[in-house]
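Student: Take a look at this one; I'll ask things after.
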Amino acid sequence: MGSMRKMSSSFKRGSIKSSTSGSQKGQKAWIEKTFCKRECIFVIPSTKDPNRCCCGQLTNQHIPPLPSVTPSSTAEDTKQGDAQSGKWSVSKHTQSYPTDSYGILEFQGGGYSNKAMYIRVSYDTKPDSLLHLMVKDWQLELPKLLISVHGGLQSFEMQPKLKQVFGKGLIKAAMTTGAWIFTGGVSTGKSVVSHVGDALKDHSSKSRGRLCAIGIAPWGMVENKEDLVGKDVTRVYQTMSNPLSKLSVLNNSHTHFILADNGTLGKYGAEVKLRRQLEKHISLQKINTRLGQGVPVVGLVVEGGPNVVSIVLEYLREDPPVPVVVCDGSGRASDILSFAHKYCDEGGVINESLRDQLLVTIQKTFNYSKSQSHQLFAIIMECMKKKELVTVFRMGSEGQQDVEMAILTALLKGTNVSAPDQLSLALAWNRVDIARSQIFVFGPHWPPLGSLAPPVDTKVAEKEKKPPTATTKGRGKGKGKKKGKVKEEVEEETDPRKIELLNWVNALEQAMLDALVLDRVDFVKLLIENGVNMQHFLTIPRLEELYNTRLGPPNTLHLLVRDVKKSNLPPDYHISLIDIGLVLEYLMGGAYRCNYTRKSFRTLYNNLFGPKRPKALKLLGMEDDEPPAKGKKKKKKKKEEEIDIDVDDPAVSRFQYPFHELMVWAVLMKRQKMAVFLWQRGEECMAKALVACKLYKAMAHESSESELVDDISQDLDNNSKDFGQLAVELLDQSYKHDEQVAMKLLTYELKNWSNSTCLKLAVAAKHRDFIAHTCSQMLLTDMWMGRLRMRKNPGLKVIMGILIPPTILFLEFRSYDDFSYQTSKENEDGKEKEEENVDANADAGSRKGDEENEHKKQRSIPIGTKICEFYNAPIVKFWFYTISYLGYLLLFNYVILVRMDGWPSPQEWIVISYIVSLALEKIREILMSEPGKLSQKIKVWLQEYWNITDLVAISMFMVGAILRLQNQPYMGYGRVIYCVDIILWYIRVLDIFGVNKYLGPYVMMIGKMMIDMLYFVVIMLVVLMSFGVARQAILHPEEKPSWKLARNIFYMPYWMIYGEVFADQIDRKTRIHIYAMEINPPCGENLYDEEGKRLPPCIPGAWLTPALMACYLLVANILLVNLLIAVFNNTFFEVKSISNQVWKFQRYQLIMTFHDRPVLPPPMIILSHIYIIVMRLSGRCRKKREGDQEERDRGLKLFLSDEELKKLHEFEEQCVQEHFREKEDEQQSSSDERIRVTSERVENMSMRLEEINERENFMKASLQTVDLRLSQLEELSGRMVGALENLAGIDRSDLIQARSRASSECEATYLLRQSSINSADGYSMYRYHFNGEELLFEEPALSTSPGTVFRKKTCSFRVKEEDVKSHLDQPSSLHHTPGPSPPATPGRSRLALDGPLSTELRPGLDPGISAGELDPRADFKSAEVAPSLNTANVASTQLTVESTVSHPLRESKLARYYPGDLNTYKTMKSRSFVYSEGRKLVRGLSNWGAEYSSIMDQTWNSAEWRCQVQRITRSRSTDIPYIVSEAASQDEFEDEHRESLLAPQISRSALTVSDRPEKENLLSVKPHQTLGFPCLRSRSLHGHPRSAKPSPSKLDRAGHASSTSNLAVMSDAPEGQNTQQEKGNPETEC
């Protein structure tokens, strides 16, 4: 199953195709028969292009219709009717043909090659045929979720962060749920398909598996579609699009394409109907065979146009409706829907003000008229009527962190399904976070967990009769009978609350079963946390259903059952729990007895599911299995009792430890994560870990022997190591907490695991690390020493006690309180005896000190107890048996070394008695072993290698003894057998070395090397045979058949391996050549040797023998021998690295062996056997039940009461929890985890900083808008103040006001006029509004920033005639020139201010304006603003001028002054430069260059203004006549009239101009000083920049005169000319 998923998910179409050509042809024929294409067959000329049909194709590209096939309506009607009317119809003017385009695409041009399946189909294709194609031919799995992405077809830009979040969320939602993604398929610039494709591309580059992204595109819109034509072909597709073409290319990140064809070219719409029908059909499919839910569909909207809004409405009107997720911030339709969703009330009602705002937004977004916007608004309101189905994803919102949560939450909230169905959906998606956050919340439909307790019995009865119906066929019969029993309880179920609770519990239990089957570990944990009682849940039918499931990871359980049953099983074989019990016994091996195979369980199982009782009634619980009763009568009675068991009894219908059964199921089904989770739950965790370790190890061994894939065996072995490590860690954790309790965990009886102990399970699993743990070794050491207390030289003391028994009294003994391993009964008996002895031997006087108390304890132990405990200690038994064995070997040596008489000697009789008694001991070991059957006992006994050695040695000795008692020659044969047999007895000594720390590992090395050498001997035999046969055949061609040939083949080649080559060996005494031994003996015809003997004739080919021998020795003596040495070396280091564990493991075997042996060694052991038989018979006669128990449970086992067992389990659970807590803390503190957490935090911080940056930019734009509006309000307030002043008749000359801002829509002349009004006291302040920041600076000279303000409007001034012509140039910057006035140029203007600079200040004047000396230490910053300023020519006065000039914001006014034929530039809102004479300003230009150097640019070069600034006195001057033209007066009057302000005329007769030369106060504006000054910039209320174009030509002509009273503007031009110029440039209204 898992491999099929991998094959379908990976995209290798060539390996998925059918293996036979017949099936390929059949599939190809089915595709061509089922799917069609559409072609236009009737030409209806288009009104726009007569050479092109209404379908979009050229008229010459049409194909004639098939003669045998006609359209749906007759051709004549079509031609005469629709053709004449000019209406083109798909159904009437197109014809279906078998599809000719399907196969595989290979995308090129994207930097890497991707493959995708594609097919061209008609727009009206049946969706079931398409789904069949996708599942069967394309090998796709049915989705668990369908995400349909809709959005803009044109290019649009997404914010980088939003695009990243959108892509990650979409991919995660699809990956975690196994979803399909539907898109438009074609990329048009940066459309929504491109954005989805980018996300898919990022995913495919980071992971191997590809998501299933299906593009449903119109065939007529596909670029290079001619390359796709072909039947079942592989085509190369170029993704580079033609910029001049209206068609679009397919997106190369998709895996499949369905190209809908309706006969049109270059038109969208063919795919809409097909896509919707396919989505509807997929939603009707079931997610899983276990889950009844259909495939949920969700719409995802990103950007989009008006058609997307219509699609959303269609989704919401579906039955059932389809929930929609809208991505806010992506633009256009998405933002409009998000806005409406946010501010719309339930039922689609929105506030009037918001309604108007939404309508305006629709008009601006889609360029709609009012009627169109109202129509679209109505559609949006229809969507908002089902607001609960629309989920809006807003990036950075608190409730939603990513897109995937929005999608999955929308599916749960949007669909009106019940809570169990929602749980099934979350389970199918494997999204436990969704279930935890959205489903398991308390509400009106969710019962609190505490309310589940009262109706326990009814729930159990209801749920127990429900599940068996789905498990086996025969179990439906019992259901009806069971209902008869439950009918009495119907009255209790009439309460709707109880029924609701019961349904909820049943839904939770069904979800638990599904979660276990689908291997959803997190869901199992969640369900347990939310009230699922596993004892109520787990039943035999459900457990068997779990064992028979085909879902989940692949496993080898059926193979194991087949091996155990030793027969071929049918494919639909139903595995029962009895089969599982046999499998467990087979895997565990040894004496393990599974509860499923015990008679009590089998009888109950047969009663419930066999022919005696109806099948599938209730749960079956497992109670502690009692010892099998002996005797036929007892068996019959027991069977009757089991038949009469009340199955309805809850105590019987429960598994005592349900987590045990589930963990074993998870292990056998190869579900490691589930097994580890179930291991943490429940009791006896250490035993469960060891059982899992053994099961996995046995399964790995079986899979390796079955020649399965190596990966399976390796995975199983790794799982075994994981559980073994868990067992060791748990033992270490418990040992740290309490040593004594940890030792109890090792030795207490496990009733659920074949009455074994943890130590036995660890030995069965060959878990060396567990046995080598300090806790286990302390326990073994206590057991090894018994009650003896010896620290140094224990072996010597024991030998002395054995050889000299009185020394036993001088040895130290321990009390029973010090024992860690004794059973509870033995401990109590020992304590009672000890207390009696203490009471009997108590001294009258009191003793003090610990030493005296210790002495007292030692003296209180009686001599008999000391002797008994001494000989019962395993260490004493070991040395006793060892001494006995060594004595036996000495006698055996004597027997075979001396002459053997006809009748055995006394020494030989002792040897024979030793062997016979040892054989009886081996028989006793077999009979008293744990397995029940004798065959099983023998099988377990033979699994030990030393037992096999003993069996062979004893058997050989018995045969030799029988032959030895016979006459000659049989007696000689018997003696020879004796001689050979003693070799095995000497080898048996190696077992004694196992107790030694240093010799024990070497014994294991020898065993492993022997196995390695067996493989080497096979290889050596091949080489030896090859040379031996060739040599023998060449040197002895005339040999007769004889057995000596076999000897001669191996004899010489074998000894050559050890270096003996037999080169020219000669017997010097006899001088006889041993020709058979020579390599190349002398030979020849008619030749004689030195002694005159005739030489044999030469053998043909004898010269080859030395060459063959050289090659043989090279291979055998050098290559193979060194190879064997290398293998031995590897084995040595392998065992040496674990020598400590090996020795400790062997030590356990030795200790347990001598712990169970009788005290006396052979041959005296016969007395112990007689004692055991007598005790057994006496115990049976007395009917002591304890006797069987004690005899059966001899060994290292602790029997605990129920209360003690409960405390032990609680201690173990605490250790497990603390262990995982420490492990989690360790993982969190690891470097990798810290790096991961740090990277996540840094990423989150960067995202937050980006958000803050975006918000800051938005706030800046908002503040600029607010600032602009405030300036407008300020200007309006100024106007109102002026109007009120005029109305109140207040003289403006008495008011001194300074306004720092003016409206951006005011004229420059009006601002000058206003400034003069504010300065009517005689001290002029010129206020100009510049477009830039508010920059106030103080200069030694009169310098100012560039006069970009004058680009706004041309202002004409009356100029004093000094030159022939006066010309008004384009101002660029202000420059103070104290020198003589330059020659006048045409159009040049000068601005004069009357009054000498040295005039003293009068009381009541502006206190901020005063004359003062220049400060040479002042900060000179004019280099940045006016770099041409010459400080040497600056006058010794400080004059500051505040200049304010405003610009209009509307494009109409900008276009009026700056036509479109010049360069454009950005405009900024108005700012001010302030200059005043004698004033020391607090604000300057310190940050001018830093803030504006990067954004200011020179718009155009301008000429220079030269303006004369003079002080004005109260009296009129006669030197400078005041000239006012009539046109200027008229214009001034019109300006004031336009602003509805009746400004009184200022008396010009009071103004006088001083006689001071003009050259001392000139303000010059030069072109080169505009560098670095900000351009005119303006922003709309929405923050969008607007462009304006300057017009230098309009600045050249004269404007209107200023109406200020303190400005004398003189011009050289005639008054009439000035008037004409002034009339040609009317001012705009402020």
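Any Cβ shown, glycine's included, is placed from N, Cα and C.
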Student: Both E908 and Q1146 on the same side of the membrane in Swiss-Prot, yes or no?
Tutor: yes
Student: Among the residues N947, N1129, which does Swiss-Prot list with the feature N-linked glycosylation site?
Tutor: N1129
Student: Reported in the order helix, strand, coil, what are the DSSP residue counts of the topological domain 'Cytoplasmic' (966-975)?
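Tutor: The composition, in the requested order, is 6 helix, 0 strand, 4 coil.
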Student: If we skip the immediate neighbours and take only residues 6+ beyond the ends of the topological domain 'Extracellular' (1129-1158), which ones have a Cβ under 8 Å from one of its Cβ atoms?
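Tutor: Long-range Cβ neighbours of the topological domain 'Extracellular' (1129-1158): 759, 763, 766, 768-769, 771-772, 776-777, 780, 783-784, 874-875, 877-878, 881, 921, 925, 928, 991, 994-997, 1000-1001, 1003-1005, 1008-1009, 1012, 1165, 1168-1169, 1171-1172, 1194-1196.
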Student: List the same-chain residues at least 6 positions away in sequence whose Cβ sits under 8 Å from the Cβ of N1129 (N-linked glycosylation site), in sequence order, or say none.
Tutor: none
Student: Any idea what DSSP makes of N1129 (N-linked glycosylation site), helix, strand or coil?
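Tutor: The three-state answer is helix.
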Student: Tally the residues of the topological domain 'Extracellular' (997-1008) by DSSP class, grouping H, G and I as helix, E and B as strand, and everything else as coil.
Tutor: 10 helix, 0 strand, 2 coil
Student: Where DSSP helix means H, G or I and strand means E or B, what are the helix, strand and coil counts for the topological domain 'Extracellular' (899-944)?
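Tutor: Once the DSSP states are binned, the topological domain 'Extracellular' (899-944) shows 31 helix, 0 strand, 15 coil.
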